[in-house]
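Enquirer: The NADP(+) binding site annotation in TrEMBL covers B:Cys9, B:Gly10, B:Leu11, B:Gly12, B:Thr13, B:Val14, B:Gly15, B:Gly16. Annotation source TrEMBL lists NADPH binding site at B:Lys103. Annotation comment: TrEMBL describes B:Glu187 as L-homoserine binding site. Marked as active site, proton donor by TrEMBL: B:Lys202. The annotation domain 'ACT' is assigned in TrEMBL to B:352-428.
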2 protein chains.
Amino acid sequence: MKDVRVGICGLGTVGGGTFNVLNRNASLIEGRAGCTIRIGRVASRRQNDRIELGDIPFSNDIFDVVNDPDIDVVVELIGGYDVARELVLAAIENGKHVVTANKALIAVHGNEIFEAAEKKGVIVAYEAGVAGGIPVIKAIREGLVANRIDWIAGIINGTGNFILTEMNAGREFSDVLKQAQELGYAEADPTFDVEGIDAAHKLTILASAGFGVPLQFERAYTEGISKVTPYDIKHAEMLGYRIKHLGIARRREGGIELRVHPTLVPKELLIAQVDGVLNAVLVDGDAVGQTMYYGAGAGDEATASAVIADIVDVARAVSHGSTQRVPYLGFEPSALEDLPVLPVEDIYSAYYLRMQAEDHPGVLAKISSVLSEHGINIESVVQKESELSNGKIPVIMLTHTVQERQMNQAIAELEALADIDGPVVRIRAENFS
Amino acid sequence: MKDVRVGICGLGTVGGGTFNVLNRNASLIEGRAGCTIRIGRVASRRQNDRIELGDIPFSNDIFDVVNDPDIDVVVELIGGYDVARELVLAAIENGKHVVTANKALIAVHGNEIFEAAEKKGVIVAYEAGVAGGIPVIKAIREGLVANRIDWIAGIINGTGNFILTEMNAGREFSDVLKQAQELGYAEADPTFDVEGIDAAHKLTILASAGFGVPLQFERAYTEGISKVTPYDIKHAEMLGYRIKHLGIARRREGGIELRVHPTLVPKELLIAQVDGVLNAVLVDGDAVGQTMYYGAGAGDEATASAVIADIVDVARAVSHGSTQRVPYLGFEPSALEDLPVLPVEDIYSAYYLRMQAEDHPGVLAKISSVLSEHGINIESVVQKESELSNGKIPVIMLTHTVQERQMNQAIAELEALADIDGPVVRIRAENFS
């Protein structure tokens, strides 16, 4: 099966991440894509010292990638409007597929780019332009095709969300912005992020894919977060709301709403609890109802995840003769691993334990001692003195993670103690950290 | 461009939903798929009086669908193991693509079915088998291909989640189960749901697609929720945890964990707040980190959404000569609508308002009167008497939804009042209901 050769233009944060993930997970990706994805050429204004180029040709001229006859897919990661537009149009003209992370380019020049690509019969994919590694463009263009989409709302700029999350703790905007810049979450010129322009780029794309309308970024309404005060945050909270910088696109009679602005959201909704640099997109479809997509909206490897998903989409499209584009389990049959399901005794978990114990000194020490002998550390203990009954009280514990086998043995020993009455209730606990 | 003809086997909840959504959204779906999707034949044990068959051939023998030479895609919605397996294998043998919602079938017979399908070069798609309309299989098999997936966890059975959510309010399991059955959220024999078997079917599929391992349902560990008590729920809550019926699949050295059981989850995590019949799947990938997919895990139209997404995947694969499988904006260019972006004055929103008002009787009445004249209803008012300063106090209001134009006019009038000092702060509010 034919290799698919990609050329990466731009070796900044996302370019570096893409390069590294493609290499680190090369055989995994090959097992899924059904073909080898080779980095054929890389071009950037300057080198990135966090990547090892090895033998891969490097140049300072990104058009070398576009003009290289061996490159099948041009990955545009330089950002910006003008040179990126030229680059992408030239790639299309040369019959190459394009994968981009450039939401600004697509929001402003997408109509023109898609028209050119359609004439040439090449793919232009842009998952990485919206909500980082969360596959939300795929969800809307493919997963939700059965639905009339009525509205889409999203926390789609991590910088703004980080700032508002910190302000929720009572801090002032300018103070948090400074910290965001120090942490690398905001640029020296943070306008695109805090004024909502970046979010509007992304919302424009979401709205077009959701409602089936041409991209109309210039008509999007944007309002930034610089005028949100801790006072309003506090009073919104008092009324039961969090303030988020939301992009909202809504289909209406005769038009669509396309707006980015600070928005009060009921605090019990999941989207109100999406904090820090995380993103979430909520989509309302007439058949499925509301679905939400949540995860890292930015970051070198998070965005690379979306870039590479698009590259693999292209690879699966070009390298399969048959219609069987995606292998049944997402992996080529030859790439499946024969990993056995482990017996439950082999799993690792934390545990909630509850037992009826004699209410006298030393019992807790005995219980702790049994657990400790089996390598089980205790996180919390609650003794319910108030529920004393027949000389016994409930003792409730939360342990740290341990192998189930150890826990089974510890429980058997505890149940054998004279001080413990009846079985030990055990419920597994999970922190996902 | 060639029509794609589907045959629906089974006209129960999901079959009826699929039929209805395919008809209701026919032109929308055609605009996205780039071809017409016709229901060529329907077969079921009994008719479904919630659907209008019209001219579509109906029979009681589901094998009529499989043997109909004009059918391209067999949609298997009968459920169960044995007949469904025969049906699907026969469809494959006849060179037809298969779309199914049958998690039990795939979990138990998937290895055999995929092997047969691969030999014949036909698609077998099963998005609707896991997490209803949430496109999570697509996320894992396509959106997250760049990642080594380390674990997957999910609330993937709505019945169990509904029951635990109600028990969280202090109710007993058997009492809530009865209500769930009355509401149609649980079967007369609820074993598959409350004992975790249904969740284990789905988890088996998620794990195989995530880790690239053959389906091994028979080795999954399952533990139901019937022994969870209000007492433990209360004490888990006290310790900072909710109890959810989780499926957890984790890659480990030399094997995978595959388990379904009640699990304590920290209550501040989003997944701990997924309530009622909703589902959520959390996936951990080495590049993108944790992503979460949330929405309706069951229901006639929610599941139909996933069935149809798969049908359109097949249609896009078979009816496009070129590699351009998914149109750029998810809609064929000829199907794009020229809907203009509305000016912001035309949008509808609720509002948070804050103003400095003279602290004397009648001012609140004046403010309310101005709002009411513009059709603006007030949801809440807070007057901050404690912040009296220079004879003025902050007045904070939350309004109901109104058109922005009305709000602009109302604000202009309020700012013109002598009783109001300075500008009115306005922040839009959104309930997503």
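The backbone N, Cα and C atoms fix where each Cβ goes, glycine too.
Any TrEMBL annotation is an automated prediction that lacks curation.
What you are looking at is a predicted structure, and each value in this text was computed from that prediction instead of being measured.
Each of these features: where is it, how hidden is it, and who are its neighbours?
Expert: Long-range Cβ proximity for B:Thr13 (NADP(+) binding site), meaning a same-chain Cβ under 8 A and a gap of 6 or more residues, is found for B:Gly299, B:Asp300, B:Thr303.
Of all the Cβ atoms in the protein chains shown, 25 others lie within 10 Å of the Cβ of B:Lys103 (NADPH binding site).
For the recorded site, B:Glu187 (L-homoserine binding site), the DSSP three-state label reads coil. Around the Cβ of B:Glu187 (L-homoserine binding site), the number of neighbouring Cβ atoms within 10 Å comes to 14.
Reduced to three states, the DSSP call for B:Lys202 (active site, proton donor) is helix.
Mean pLDDT, taken over the domain 'ACT' (B:352-428), works out to 95 on the 0 to 100 scale.
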Enquirer: Between the Cα atoms of B:Gly10 (NADP(+) binding site) and B:Glu187 (L-homoserine binding site), find the distance and write it as a whole number of Å.
Expert: 18
Enquirer: Specify the secondary structure state of B:Gly10 (NADP(+) binding site) as given by DSSP, simplified to three classes.
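Expert: DSSP call for B:Gly10 (NADP(+) binding site): coil, neither helix nor strand.
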Enquirer: With Cβ-Cβ distance below 8 Å and at least 6 positions apart along the chain, what are the contacts of B:Val14 (NADP(+) binding site)? List them in sequence order.
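Expert: Listed in sequence order: B:Leu77, B:Ala101, B:Ala128, B:Asp300, B:Thr303, B:Ala304, B:Val307.
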Enquirer: I'd like to know which of these binding-site residues, B:Gly10, B:Gly12, B:Gly15, B:Gly16, is least surrounded, judged by other CB atoms within 10 A.
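Expert: If we count Cβ atoms within 10 Å for the binding-site residues B:Gly10, B:Gly12, B:Gly15, B:Gly16, the smallest count is at B:Gly12.
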Enquirer: Return only the integer: C-alpha distance in Å from B:Gly16 (NADP(+) binding site) to B:Glu187 (L-homoserine binding site).
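Expert: Answer for this pair: 18 Å between alpha carbons.
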Enquirer: List, in sequence order, the same-chain residues at least six positions removed whose CB sits under 8 Å from that of B:Lys202 (active site, proton donor)?
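Expert: B:Lys202 (active site, proton donor) has long-range Cβ partners B:Lys103, B:Ala107, B:Gly129, B:Val130, B:Ala131, B:Gly154, B:Ile156, B:Asn157, B:Gly247.
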Enquirer: Using DSSP and three states only, what is B:Gly15 (NADP(+) binding site)?
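Expert: Assignment for B:Gly15 (NADP(+) binding site) reads helix.
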Enquirer: If you draw a 10 Å sphere around the Cβ of B:Leu11 (NADP(+) binding site), how many other Cβ atoms fall inside it, taking every protein chain shown into account?
Expert: 25
Enquirer: Would you kindly give the Cα-Cα distance separating B:Glu187 (L-homoserine binding site) and B:Gly12 (NADP(+) binding site), rounded to the nearest Å?
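Expert: Rounded to a whole number, the Cα-Cα distance is 14 Å.
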Enquirer: Summarise the domain 'ACT' (B:352-428) as counts of helix, strand and coil residues per DSSP.
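Expert: Here the numbers are 27 helix, 33 strand, 17 coil.
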